[in-house]
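Reading through the structure tokens given below for one structure.
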Amino acid sequence: MKDILKLFKKNKKVEEFDSIKISLASPEVIRSWSFGEVKKPETINYRTLNPERDGLFCARIFGPIKDYECLCGKYKRLKHRGVICEKCGVEVTQSKVRRDRMGHIELAAPIAHIWFLKSLPSRIGLLLDMPLRDIERVLYFESYVITDPGITNLEKYQVLSEDQYIQALEENEDEFEAKMGAEAIQNLLKNMDLKKTCKILKKEVLKVNSETKRKKVTKRIKLIESLLTSKNKPEWMILTVLPILPPDLRPLVPLDGGRFATSDLNDLYRRVINRNNRLKRLLELFAPEIIVRNEKRMLQEAIDALLDNGRRGRSITGSNKRPLKSLADMIKGKQGRFRQNLLGKRVDYSGRSVITVGPYLHLNQCGIPKKMALELFKPFIYGKLEQRNLATTIKSAKKMVEKEEPIVWDILDEVIHKHPILLNRAPTLHRLGIQAFEPILIEGKAIQLHPLVCAAYNADFDGDQMAIHIPLTKTAQKEACSLMMSTKNILSPANGEPIIVPSQDVVLGIYYMTRKKINGKGENMLLSSPKEAEYMYSLGAVDLHSIVKIRILEYKKDEKKNLTEKKKIIKTTIGRAILWIHVPMGLPFKIFNKTLRKSHISEILNTCYRLLGLKKTVRLADQMMYIGFSYAAKSGVSVGINDIIIPKEKEKIIFQAEKEVLEIDKQFQTGLVTSSERYNKVIDIWAIANENIADAMMKNLSYEIIFQKNKKKITQKSFNNIFIMADSGARGSAAQIRQLAGMRGLMAKPDGSIIETPITANFREGLNVLQYFISTHGARKGLADTALKTANSGYLTRRLVDVAQDLVITQTNCKTKKGILMNSLIEGGDIKETLKERVLGRITVENIYHLNSKNIIIPKNTLLNEKWCNILEKNFIDSIIVRSVVHCETSFGVCAYCYGRDLARGKIVKKGEAVGVIAAQSIGEPGTQLTMRTFHIGGAASKVASESSIQIRKNGIIHLNQAKSVINSNGKIVIISRNVELKMLDKTGKTQESYKIPYGSILTKGEGQKVKAGEIIAKWDPHTIPVITEVNGYIKFIDMVDGKSITKQNDELTGLSSIVVLDISERNILGKDLKPALKIIGKNEEDIFIPGTDMPAQYFLPGKSIILLEDGMKISSGDILARVPQESVGTKDITGGLPRVADLFEARKPKELAILAEINGIVSFGKETKGKRRLILTPIDGNNIYEEMIPKWRQLNVFEGERVEKGDIISDGPESPHDILRLRGVQAVTNYIVNEVQEVYRLQGVKINDKHIEVIIRQMLRKATIINPGDSNFLQGEQIEYSKITSENKKLKKNKKETATFSRDLLGITKASLATESFISAASFQETTRVLTEAAVAGKKDKLRGLKENVIVGRLIPAGTGYKYHKKRLKNRIKNSVNKKNNMSSISVEEAAANLSELLNSTENINNRI
């Protein structure tokens, strides 16, 4: 009978599944998994090594130990398969069933599952609305809980201690029911009417006022609703049957010497079985209650330890004092099931070896040692040998290979021809860390690597190792060739610039050959072609650097891509002409006719790629490498001690600095400067001295004086070896040369503070003992930092990948009308990034018109390539709106138009591209280059902080943004609004410079006026904030009582008197309620109103204000009424580098953050409390007023009566991204995070495209909180996917119902990863227990849409080449479901098998009973 079933089963295919559901298992389900009950704690017999019957390894329950053989040996071999032995009860089948057959234990008492009890928030506690502490006391038999209060005055869910219970019994006898232990909790859960409770709670949530209570009730509603929808019963959180893992997943292995190695789970299971059996016996014997209770508690503890050891109480330890590894520990953490086995698998067919340089290789080749290739390509060689009939069997082929017969090498040559291999270098930080090459067989044992791919791998040849992987199938080879080949990856996915850029000796060689030299041999010759130049050079008739005139043939591509030639006679050098020979047609000569540094070579490759395409660029890169190596060798550059030239001025500069330091020490001793001022000044002096020495040294090194033929003295760039290396970008920098030939300068202590005695010596002179000791500080800190940095950077990358892993391009155009405004980044007089650089590769949202006419220059939905960007620049366009992933309206994934250009390919991105992972890698990969430093601003940096004027760099026209101003009595303009931006525009109206101007600045020129370069146009006092009047009139003092609210001071030196307002803390009781103010009144004491409002001109003065006017004085608008001193801030810490990036992506609130105005309105101050000020904002339209308490030590930027806009800064400080989102919207928070992250990377000279950061921001913004649910099913205060809300609102709008209102949330990347829809992805990231608990209770379904989930279930990922596969599967599934509906009448093989198996099971059950 079973054989027939097997026959049916052979035809049965694995059922296609498209989602995985997780839910609570009921006792019935657990029993249905089981193949029998385990009754004994025994494992195996120590003599026979056979499993004990009914024990943890029982063969009757779990299956035979040997294939097709029962335990007693009665039935052996395949012919008896399916038979159950009468003697030992073992089914004759394969032994691998021991990997998937489960058993179970019938528990003598119900036990609470620790995950649902202790994993916060406790599910059982939330459901019963009882504190966790009380539930634990009930479960561990310390207290009773009322399960049925009857007609007594006790309440259900009330917890009673032993004494209270006895007292209640005396009072009420048996009118009520109270229990303890898990049965009590099970009873409560069973008797819960979920639907009724849910209805009551939904009514209650509307009445609740307190925010915390509302949150709690909402949580309960969500939990109850999820239980109802998932059909999970709450009592299933209490176990009555415990499943047992299949024995082969918790093996017991005999070691030599009669000992056993076992999985910890066996110990834990034995403990449970022992205690369970003991409890059964005690219950049968009707043992005293106290003993039974103790046994039940011990059983509860044993099961807790099995499920999650250490979650409650002390961990159970094994014989070696090590905590036992429970089921929960098996799946969580780096060594857990998810990260160790499902996401990180080992790869077969791989080898690894040291790498060495292969300067003669082509870009698509790598050298593989013959021995290695022979081993790796074995299967292919065997196949070929058999195919050619050179070997009859695999065995003989194996022998031939082992003997290394000559024919084998020929076959190997054939096999590896056009068979790509993958080379990988750990750590693989971005996708270019693994690339494909064509193998070339070489002698030796090291892999040879092409020098140009080193940058992508971050490899060098100081002992680095690389791994080789062989793609086996035809499709894998095809994929490696078309996508992963090194020649296909010449642009970096992070910024779209070439990553195949020559470095070091190649750069040196090319720089050397393109340098020019005056008085060279054969100068001013006329040559007919570059070929002739090369010939003359080889004859020795001319020098490589001689300036000559040569006829150059240039080819230019026209619109139809045809080449047209052009002849020119050009003044150039011999070296440049020789280089031109190897350049492909179609490039202009002007980009080669200069001294080529590293950046120029990168530009050349970029231009070549855009103009001539991939193949020619690869060829050019290779040619440049060969030439570079050749001429680097010919140049004979090497470093000699005499190349390090110490400037003569050094001694003088150091002497001067020491003199100044002594002067400051004197001032300190006489008390003129404070200790911190002295320290800052000393450090400043040395920093400036160091700069001066460096300048003198570089001047000295970089130029040499030579005589022309006419005896005229001229300077030319020097050929000093060290200078050549630094100038070309091959090795070293000005900062390093400074240490060799200048002075080492200031050193930092490990805590980041600067040691004030600098090292005045350099390495050429040598350091003395003290100097050497000081410099070890920095060196050690550097090493320690590097180790920390690597770990931190890796963790950041992991979090980024996790949050963005499911973002894939799923659609071409989402047709959104939204976009982000892009303009040039200008800080002061410097352009940080031009508009062209920022919008390259983006898509326009709307038509772009000519500035003066209505002609469309660029139509909407255009991909801005280099050509369009040049048009933008020509037409002087300052800012445009482009599409961005932040605003993409695709519900799952992103659309190609919102993403724009695929940076690594230079074309619009294709469907299926995993843009999320690329973004995460691009941001994470340079992480190791960032610093871990926290900068202390002091000394040199603090000078910048106190600027007091603005000097213009270029001629232009002034433009003021959002500025309110008045004219003062001297006719100057005074700014009376905050956050004013002053821009300098050129003739075309394009911004050239941009400055921030504080309140109270005095401008010499006004809006629209012309200014000349070098003019100072704004001045202000950096140490005080002025209070400025907007009207003319007379002063009237209000609430200014000497000794109570103010005090008068006389300055002895100047003889001037001033009035100082006392701070509230300094006033006596009588002065506390006084509000000192200056009111401006007319001649007849009438009120004067502030222009544009109906508010009288009255200026309240904050504490410590200094007033230099007298009561009744006449004043005019723009005059300063009072000054508020700004407290001088000490050294500030600025978080920089990697920690700053992590803070931004985690959306952490900064300490002492800026306080922003929550609404538009007028500022006033209410009654103060101890240590806090009450700020009141009164809206102009008469809506509700807004109040906020602000600590008194915070310096406020606003005065009473001032009008502020929503989002304006009230108190300075770092802004919180959450506030920016709430008050200024998505666009503002995107700009803020992008600019702040870019700031950190820009400092290190790392280029990352904005769109990568935007991709991460999109993921951080994917949740929103419901404010008013309207007619939707959402709950108030619930956090839901933004895309879900928008689609729901569309439906509601269609049906003319009330839509839900919501506010966008900004989640940190860790939170966003855990809040993803997919529980598999979240569980494999962090907090596995919590995620799985939550998912199980809610009966969550994972639709397997992201990349991680598909890797875990072992499928191709739905991105890249797997994207088509998933689309195809979807089509087939829809097709099959249609076919199934049509063929419902005819019975399928599967159904027949199912019916038969049901029949068999019933007979099998009868046999078991007998």
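Here the Cβ of each residue, glycine as well, is placed from N, Cα and C on the backbone.
Non-local contacts of CYS70 (Zn(2+) 1 binding site) by the CB criterion (under 8 A, 6+ apart in sequence, same chain) comprise ALA59, PRO64, LYS76, CYS85, LYS87, CYS88, VAL90, GLU91, VAL92. Residues or ranges marked as Zn(2+) 1 binding site by Swiss-Prot on the basis of sequence analysis: CYS70, CYS72, CYS85, CYS88.
Sequence-distant neighbours of ASP464 (Mg(2+) binding site): residues of the same chain at least 6 apart with a C-beta under 8 Å from its C-beta are VAL354, ILE355, ARG425. Marked as Mg(2+) binding site by Swiss-Prot on the basis of sequence analysis: ASP460, ASP462, ASP464.
CYS895 (Zn(2+) 2 binding site) falls within a strand segment according to DSSP. Swiss-Prot lists CYS814, CYS888, CYS895, CYS898 with the feature Zn(2+) 2 binding site.
Cα-Cα distance from CYS888 (Zn(2+) 2 binding site) to ASP460 (Mg(2+) binding site): 41 Å (rounded to the nearest whole number). For the pair ASP460 (Mg(2+) binding site) and CYS895 (Zn(2+) 2 binding site), the C-alpha distance works out to 39 angstrom. Taking the C-alpha positions, the distance from ASP462 (Mg(2+) binding site) to CYS814 (Zn(2+) 2 binding site) comes to 50 Å. A C-beta separation below 8 Å, combined with a sequence spacing of at least six in one chain, links CYS814 (Zn(2+) 2 binding site) to CYS888, GLU889, THR890, CYS895, TYR897, CYS898. Comparing local CB density within 10 A for the binding-site residues CYS88, CYS895, the maximum falls on CYS895. CYS88 (Zn(2+) 1 binding site) falls outside any helix or strand according to DSSP and counts as coil. Within 8 Å of the centroid of the Cβ atoms of CYS814, CYS888, CYS895, CYS898, where the record puts Zn(2+) 2, the same chain has further Cβ atoms from GLN811, ASN813, THR816, ARG883, VAL885, HIS887, GLU889, THR890, VAL894, ALA896, TYR897, TYR899.
Listed in chain order, the residues near the Zn(2+) 1 site other than CYS70, CYS72, CYS85, CYS88 are ALA59, LEU71, GLY73, LYS74, TYR75, GLU86, LYS87, GLY89, VAL90, each with its Cβ within 8 Å of the site Cβ centroid. With every protein chain in view, the residue among the binding-site residues CYS85, CYS888 whose Cβ has the most Cβ partners within 10 Å turns out to be CYS888. When the binding-site residues CYS72, CYS898 are compared by the number of other CB atoms within 10 angstroms of each CB, CYS72 has the fewest. A simple way to gauge crowding: the CB of ASP462 (Mg(2+) binding site) has 7 other CB atoms within 10 angstroms, across all the protein chains here. In the shown protein chains, 11 other C-beta atoms lie within 10 A of the C-beta of ASP460 (Mg(2+) binding site).
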